[in-house]
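Asks: Pasting a structure here, questions to come.
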There are 4 protein chains.
Amino acid sequence: MSNTYGKLFRITTFGESHGAAVGVIIDGCPAGLEVNLEEIQHALDRRRPGQSAITTPRKEEDKVTVLSGIFEGRTQGTPISMVVNNKDQHSHDYSHIQHAFRPSHADYTYTAKYGTRDYRGGGRSSARETVARVAAGALAAKLLEKHGISVKSYVSQVGKIKLQKPYTELDLNQIDSNIVRCPDGATASRMIGLIEEARDSLDTIGGVVSCVVQGVPAGLGEPVFDKLHAELGKAMLSINAVKGFEYGSGFEGVKMRGSEHNDQFYTDEQGNIRTRTNYSGGIQGGISNGQDIYFNVAFKPVATILQPQQTIDDTGEDITLKGKGRHDPCVLPRAVPIVDAMAALVLADFLMRQQANKV
Amino acid sequence: MSNTYGKLFRITTFGESHGAAVGVIIDGCPAGLEVNLEEIQHALDRRRPGQSAITTPRKEEDKVTVLSGIFEGRTQGTPISMVVNNKDQHSHDYSHIQHAFRPSHADYTYTAKYGTRDYRGGGRSSARETVARVAAGALAAKLLEKHGISVKSYVSQVGKIKLQKPYTELDLNQIDSNIVRCPDGATASRMIGLIEEARDSLDTIGGVVSCVVQGVPAGLGEPVFDKLHAELGKAMLSINAVKGFEYGSGFEGVKMRGSEHNDQFYTDEQGNIRTRTNYSGGIQGGISNGQDIYFNVAFKPVATILQPQQTIDDTGEDITLKGKGRHDPCVLPRAVPIVDAMAALVLADFLMRQQANKV
Amino acid sequence: MSNTYGKLFRITTFGESHGAAVGVIIDGCPAGLEVNLEEIQHALDRRRPGQSAITTPRKEEDKVTVLSGIFEGRTQGTPISMVVNNKDQHSHDYSHIQHAFRPSHADYTYTAKYGTRDYRGGGRSSARETVARVAAGALAAKLLEKHGISVKSYVSQVGKIKLQKPYTELDLNQIDSNIVRCPDGATASRMIGLIEEARDSLDTIGGVVSCVVQGVPAGLGEPVFDKLHAELGKAMLSINAVKGFEYGSGFEGVKMRGSEHNDQFYTDEQGNIRTRTNYSGGIQGGISNGQDIYFNVAFKPVATILQPQQTIDDTGEDITLKGKGRHDPCVLPRAVPIVDAMAALVLADFLMRQQANKV
Amino acid sequence: MSNTYGKLFRITTFGESHGAAVGVIIDGCPAGLEVNLEEIQHALDRRRPGQSAITTPRKEEDKVTVLSGIFEGRTQGTPISMVVNNKDQHSHDYSHIQHAFRPSHADYTYTAKYGTRDYRGGGRSSARETVARVAAGALAAKLLEKHGISVKSYVSQVGKIKLQKPYTELDLNQIDSNIVRCPDGATASRMIGLIEEARDSLDTIGGVVSCVVQGVPAGLGEPVFDKLHAELGKAMLSINAVKGFEYGSGFEGVKMRGSEHNDQFYTDEQGNIRTRTNYSGGIQGGISNGQDIYFNVAFKPVATILQPQQTIDDTGEDITLKGKGRHDPCVLPRAVPIVDAMAALVLADFLMRQQANKV
């Protein structure tokens, strides 16, 4: 009962990794928004497996089909359903994992919760579910675009290789200029090398995606429980493999004094209210203050590795699991469009909530 | 429209810092739970101002009154309302802040959002709202207790002073043995010293609260969007001054290889399924796996400082703000019961959701 | 977990009939709405016991106190809490009903559901809960007033005495001109006579409240499940003692042919789109069409009668219940402000939802 | 933003009448429920056009496809998606209705609300949407079956022809013994005659569906706003063409005295608590009391008639609309499975809510 996200711009996703299809229903997208299916497909292509040498070589086209809600190129105010068929879902042999509880996967927890699981791969716990999020997020981004809001995510850390520059010193138009999606070429090269090294040693590696949201007017976000950063945090933490979220000064900020950390207000020459620093990350009291919003999302190393591992089966017996198949050595490059999508969904929802909120 | 938290065990809080009262309605607490008002009051006392030399010397009794939902010592299945009156709410002079946008407070963002704000202190954005959370959390903890689940939070970092031991090496019964609520005496002393130093320099300092949840059965948490850690993250990020959340291996985990990070399953001598390591933080695929759940919450330094600061007023003019009053140099000690409360509320909700989930 | 109503303009009520207080939290009321407490009190006075010879002679002042959310005469966008204390809640003797399952009351069903109940009167199932709704509805009506929307309810039937005129032939300003709240004086007199007769025979009688909502712009209501009339229906059916709801042509309309029942559109001289008849009751496809909305709400006779009745106690044993106390012989006159309140709450919510719904 | 129904057993429907498909996502169905697709298809077949001489002769197979959530014949706890493709959705000419506001349809209100509409038939406002409800309802009925709960609806009135027997005097296994779905053969014949007469005069006729729910344990339903009958009412009123809802004594009950209407409790020979009469319709205080639940749902005559009608187009100009195509002269026979479905969905949701509700 938790496959729905959002209060007004609301998505419900469905589909298992090796079932017939994955998809999404968007309920609440305002009517009259122009939709270009190519833009949605473009977002899916950024998430697609097999897109580069450092992602899984698995080939899936991930072509989106719209079943409802869009007519003559515009949203109708009715639920928009988008479906992506899974490929070859019946052709594989799952006998090696059917009874195994793979380490740091959700095989055991799904079984404990539901008394059953779809053992053909990750089932519902697979990151394939994020196809649906990316499709929906592309639509949310269209709505944001109308309001001058942009969302840009990039890889800022892989393993111990950390991009040292703040986003303000980067050209965020260069995110897609390399396959790891780090807008700093030199750092990107080192990251790619590290991912290749992990891959070649049949291992995996984690990292961080950073996200910058620009053009948000002051006033979005809802106190007390639905603070803008609390919803962003939930949305990010709901993405597979995410272990942490911080915004603005984040975990580093705890070391600071109030006198350093406080963002002083001033009025700029155009008469806009601004802050001299932005440790607040564009959010104060859970509400946007008109400055850039920025945050970091930590991803653990992929759990599927091609080395043998000790674990147990569903009778509790010890087994050695032999990994096989084609998997990502590092999710970070493909996580970028997912972070983009979830951020766009959060913002679109708050935009609508704020519109509601007038006498 | 966001003063409600939880889906089944649901709380709605109300009240401004300098209005008549703050309070909470709990809707959904199961009937028949024995309630001891002293336990609720005890939780409030741990949060109370003026409790030690390193909190604000402001004196507030924060006595809780129950208006409904409890009869003859038991919950009735009906909404439980608890109210704490504010003290002396009319006696102060707010002229120094009435028109100021205080740095890193929510004065500006509330005004931008609502076109108005209660200028008598923080109003609704004040951490005084957390009184209501703590009262409700104490009730949630009673429900968890029935199921053998305990929540224990403590201060693990103040400024740069970081407790180096993992929770497994601490005695969590010692949390309240000192005023900073760090269960390691030596570290606690250093933390207290740092807070005093910040206070004496009319400044403030941030820190980290760590939380450990024990006794959670495998199976709590709801994929896909309401993952257990995603809800914990949202709940924690909704607390005033929080800037980040991480669970299990967290931000450090991104540096690891999959082969290191994966938690191998084994069956212990009692026949229980366990993992040899717990980088997963007790949660896999958003569902508890029966191991301990642990996470960290980052708090920024308190924004109210007693030094003069540059900012603007509500006409956009530069002003110098002269802090006054009695404030906390560090929220961490008083944040501990708030983290406890929010964790208990999240778990109680998932417990009820899991109970619903059967054929 | 169902003491909350509304999606954006959202109320949560609390309180038992013989507990300390009843009250309401309104979460989502837009900021900046001017609030006059006297208007809220006036609505409560229309619902108050003891207001006339045909209501219960029980005297309760029902004075409302605001604990939060209103500052300097305006809503702040924060939760508005309103509380009405119960009178003398400890002074009565409940021994005659403590163990009884009163016929057609909720004593048995609450006990079956919760394993417990507050036996001091109806507890949470008492219509005293509607105090909270009326207070909240008065605020919703203020919001509607800003948009030119009015809600007017009246008693159209008591027992078999049915007002034969449609609302279009009535002067809706005359609703409060008599104690039964029927705007047709002759019919009102007959109704009053019937209620007095029921009262004098220690019995009770049912009836119908009709409601007319005028000034609603075309476009309010949300397909598919939250149709405007579906929400109105739920809201009305949630009022104590309600047994039925119909709008527009209602149950009589089933006898008609489509060719009679269809409301033809035309454009009036001012260029407004109108319909020549209004069997649709101002709603088509769940969305308002700009014509008057009207509906009927059926109330059963009050279950508390002052005659002895056969029933059982909570051990299943037969008992004879001897009614006592002061009760309403007919709820209809006091139900009018409750219907007004619920209709206003439904409309205010849809108004906000419609505001959200734009690109 | 209102295409979702239910709190725990939650459905979201999508699809326009002349788009690619209609369908439903069920989120929250417990894991482990055995599913037989033929049972779902059977429910759809009862709703299917072209099933008899008194429904539209339009032929649609309405074959259901499951895209997710069911694996090896059982629900998985994950979202269940079911899709029914629309037939020939591109082959028609809609020029006669593209710009018309058909009387008592939702063409005008959708346009007023959204600024656009899918003019190929009713679009989202078409009763074709109920395909999705019926599919979901069949699954809910499987869950109810496990708990011994049955839902049985039948046609009790067509135009002025009203079945005079209460449900207790009917054989509810005979509902499908005739094409109008009235379990009394003689009345059914008269109803069929009336529908044929309406059809032959190019007109339509309304009616009433009655529903009986048996086997519900005491304790389902949630006070205060989500009373069992309030949710049933909303669910029924959300069905296309419904104008009214009443349960138990309903609108007739308003004429009774309390002394007549009160249902006296007694303990039967098996020790079960029962009531001697059942004017309460099995619900007291919004909670089931273990007696049969019964209610009536009023349907207006179908708005599409094959006679010329006066109306306006979307520029406000007068036009004469010439009906064409194949339509139902009376929705009642096909409405029966829809009422069944919605009742099952309401009960399944409350069953899960009650399961959650324990210490």
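The backbone N, Cα and C atoms fix where each Cβ goes, and this holds for glycine too.
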Asks: Going by the FMN site in TrEMBL, where D:Arg124, D:Ser125, D:Ser126, D:Asn240, D:Ala241, D:Gly285, D:Lys300, D:Pro301, D:Val302, D:Ala303, D:Thr304 are listed, which of the candidates D:Arg74, D:Arg190, D:Arg326, D:Arg353 is also part of it?
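Replies: Candidate in the recorded FMN site: D:Arg326.
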Asks: At a 10 Å cut-off from the C-beta of D:Arg47 (NADP(+) binding site), count the other C-beta atoms across all protein chains.
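Replies: Neighbour count, Cβ to Cβ under the 10 Å cut-off: 25.
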Asks: I need the CA-to-CA distance for D:Arg47 (NADP(+) binding site) versus D:Ala241 (FMN binding site), whole Å please.
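Replies: One finds 15 Å between the Cα atoms of these residues.
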Asks: Count, for each of the binding-site residues D:Ser126, D:Thr304, the other C-beta atoms lying within 10 angstroms of its own C-beta, and report the residue with the smallest count.
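Replies: Looking at the binding-site residues D:Ser126, D:Thr304, the Cβ with the fewest others within 10 Å is that of D:Ser126.
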Asks: If proximity means a C-beta under 8 angstroms from chain A, which of D:Arg47, D:Arg124, D:Ala241, D:Val302, D:Thr304 count? These are the binding-site residues.
Replies: D:Arg124
Asks: Where among the binding-site residues D:Ala241, D:Val302 do you find the Cβ with the fewest other Cβ atoms within 10 Å?
Replies: D:Ala241
Asks: Across all the protein chains here, work out how many other Cβ atoms are within 10 Å of the Cβ of D:Lys300 (FMN binding site).
Replies: 27
Asks: Listing the binding-site residues D:Arg47, D:Ser126, D:Lys300, which lie under 8 Å (Cβ to Cβ) from chain C?
Replies: D:Lys300
Asks: Under a three-state reduction of DSSP output, how is D:Arg124 (FMN binding site) classified: helix, strand, or coil?
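Replies: D:Arg124 (FMN binding site) sits in a helix per DSSP.
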Asks: Helix, strand or coil: which one is D:Lys300 (FMN binding site) in, per DSSP?
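Replies: SS state of D:Lys300 (FMN binding site) = coil.
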Asks: According to DSSP, folded down to helix, strand and coil, what is D:Arg47 (NADP(+) binding site)?
Replies: helix
